[in-house]
Structure formats: structure tokens, C-alpha cells
Amino acid sequence: MAGILAWFWNERFWLPHNVTWADLQSTEEAAFPQAEDLYLAFPLAFCIFMIRLLFERFIAKPCALGLKVQANGPQKAQPNAILEKVFTAITKHPDEKRLEGLSKQLDWDVRSIQRWFRQRRNQEKPSTLRKFCESMWRFTFYLYIFTYGVRFLKKTPWLWNTRQCWNGYPYQPLMPDLHYYYIVELSFYWSLMFSQFIDVKRKDFGIMFTHHIVAVTLITFSYVTNLTRVGTLILCLHDVADIVLEAAKMANYCKCQKLSDLLFLTFAIVFIVSRLGIYPLWILNTTLFELYEALGNFPALWVFNVLLIVLQILHCFWSYLIIKAAYKAISKGKVAKDARSDVESSSDEEETVPRSKAPHSTIATNGTSGANGTNGYLTGGTCSEEH
């Protein structure tokens, strides 16, 4: 094991020429990032998750109920052992042949069986209340950590001159504020890595999972190699748009159409400016060119830059969806939907009201218009579903 670790942490791979791990050892005069510090992220991630549960139950839920957020989930399908067995063991979307067979077996008409399967699929959707609580937690955390990051960075020289990210390397002492900022952000991303398996299911689950892996990898290796200055810039830049996004979702769930439309358009502008403008011109410029000029070429430099470019590819993908949604908003005079996907995997289902009760009407589950696409929380001019 020691041999494997020594091979993996080869300083000729991870560090610039003439820099060794001994240069990054803490002394009485100055502290530097240590790999062991990252172990703190795991218990802290668990603590963040527990804080989230308490926050959602005792703060977010009362706020949601006070704002008249719908607490009930979709209408439940009537119990039926045969249909339930088909739904759980065979298919959630029966074809015409199977529908006809079930119709004969149960002596139900095909339309009633189709309605049962729609209700049963919608039954698994989370309630609007649950989605509001999740968004309120994320909004609160992003607002806190972004505010902390801005207060910290405005006192640093590298915020105003990115070349300062590399000056004096590797002898850049680890400041307590930077250490706290890094570990809390890493812990939060670890908590997202695990909680996304129990959170509201999104259509872009795979993309977001990739994003979290890249983020955790970048935070971890940049900390160990003391490339933390540029890391703080990246973290702060990524948090700003998420604050507006979560606020838009909350307005959506409260059915505040005008506010949610305004917040969505604000989010679109902030996201595109920060991710397609500032990120490549400010971050990628310093990591691709200024870092190379200051420290020379070394293998890990390209690992970091490849990961940063992967993030930029994700930014471009999400920006395309956001621009598409914004175009629809302008052309229709209302916001069609968000775009950085978050919609539940089943959110495109609509529940049809039985014709005997409402011949020409349909209602959307969770009290919203049906949404498809990504992060689609603004559909049809009303606050729809939600990353």
C-alpha cells in the first residue's frame, strides 16, 4: 500500500520542477495544506447532511406551509394487486397489447387502466413541499458560502490580479479562512454526492453526478498541491448563479409567476456571464497561460486543465438549454422553463381527469404544468418543476 501511495503521489507528476513534498510540509512559522486535512471533509459532510435534515424539517417546512406551498403529493391510484404486480415487476408503460389483456382480465376499459398507470407513475413524484424544502436548503447554503467567499476574497491580492495565484509558490501559507472555505465546500460537495441518490430525481442526474465528481477531484488535488488560491476563485464564481437558481425554484413552488420569471431571467444572465464569460477569460486564462508562465510545465497541470475544460463543456451545455428557454420566454412573452436540468425523471407525466367529471380538462401533478427538459421549473407561464 505504501508503495502504491508513493507511486500515485509522485512529486514529479503533481508538482512543478524543483518543488518537492518537503516544501509543502507545515512548520512552526507557516502552515501549508496537508492531505490529512481532507479527512475532515467526511465527518463534516455527514454533519452538513444532518443539519440539512433539521433545517428542512424545522425551518424550511414551516416557511413553505406559511407561504401556502402545496403539501400533498399527487393523487394515489386505487389499490389493485394485478396492476401493481405489472407495474413493479414488468413495465410502468404497458403497450397496447398488454393493456387489452389487462382489460379482459380485470373487466376494465382500456382508458381506466391507462389512467391507473398514469396515477401510479405520478404517485412516485415528490411533493412540491419536499422540493421547496430542498431548494430552500440549497439557497441558504449557497448564499452563506458565497457571502463568506466574497468577504474572504476581497481582502486577497489574487482576486484583483490572478498572477498572484502563482507568485511565491509553493511557499504560500495556508490561511485559516482559506482552509475553512475549502473544507466546507468540499464537505458540501461530498454531501451532494451521497444525497443525490435520495434527493428529488432529476433528468440530468448523470450530468450532475459528473459535475460533482469533477468538483470533488479538483478541490481535493488543488488543496493537496497548494493550488488553492485559484481554487477559491473557481468556488466563488460557481456559487453565485446557484443562489439565484434556487430562489427562482422557491418562487416557482410558491406559484409567484412574475417573481419566478424575473428570477429565471436573472439566473440566465448571471449564469451565462459567469460561466461563458468570466470563467474562460479569468479562470481558464490564468490556469492555461499564467500558470504555465509562472511554474513551467508539469503533468498535473494538464490534469487540472482538462478537468476545468470539462466543467466548461458542462457550462456550454447548460447555457444552450438556458438560452433556448430564454428565447421561448421572450417569444411567448412568458418564461417557458428553466434549462439547467432538474426536472424529476417522471415530471413530464400529466394526470388526465376522468371524462365523466371534467370532459375537456387536464390537471398536472404537483399542482404544476407538465415540464420536460432540464431544470424546467417555469413551464407554460406558471411555476413548474424543478437541479
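Just so you know, glycine gets a Cβ as well, placed from its N, Cα and C.
These numbers come from a predicted model, not from an experiment.
Annotated in TrEMBL:
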type: DNA_BIND; residues: 85-128; note: DNA-binding region
type: COMPBIAS; residues: 362-376; note: compositional bias 'Low complexity'
type: DOMAIN; residues: 83-127; note: domain 'Homeobox'
type: DOMAIN; residues: 130-331; note: domain 'TLC'
type: REGION; residues: 341-387; note: region 'Disordered'
type: TRANSMEM; residues: 38-55; note: transmembrane segment
type: TRANSMEM; residues: 179-198; note: transmembrane segment
type: TRANSMEM; residues: 205-224; note: transmembrane segment
type: TRANSMEM; residues: 262-282; note: transmembrane segment
type: TRANSMEM; residues: 302-323; note: transmembrane segment
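Across the candidate stretches 38-55, 205-224, 302-323, the maximum count of CB pairs under 8 A to the transmembrane segment (179-198) is reached by 38-55.
Comparison of 205-224, 262-282, 302-323 by number of C-beta pairs under 8 angstroms to the transmembrane segment (38-55) places 205-224 first.
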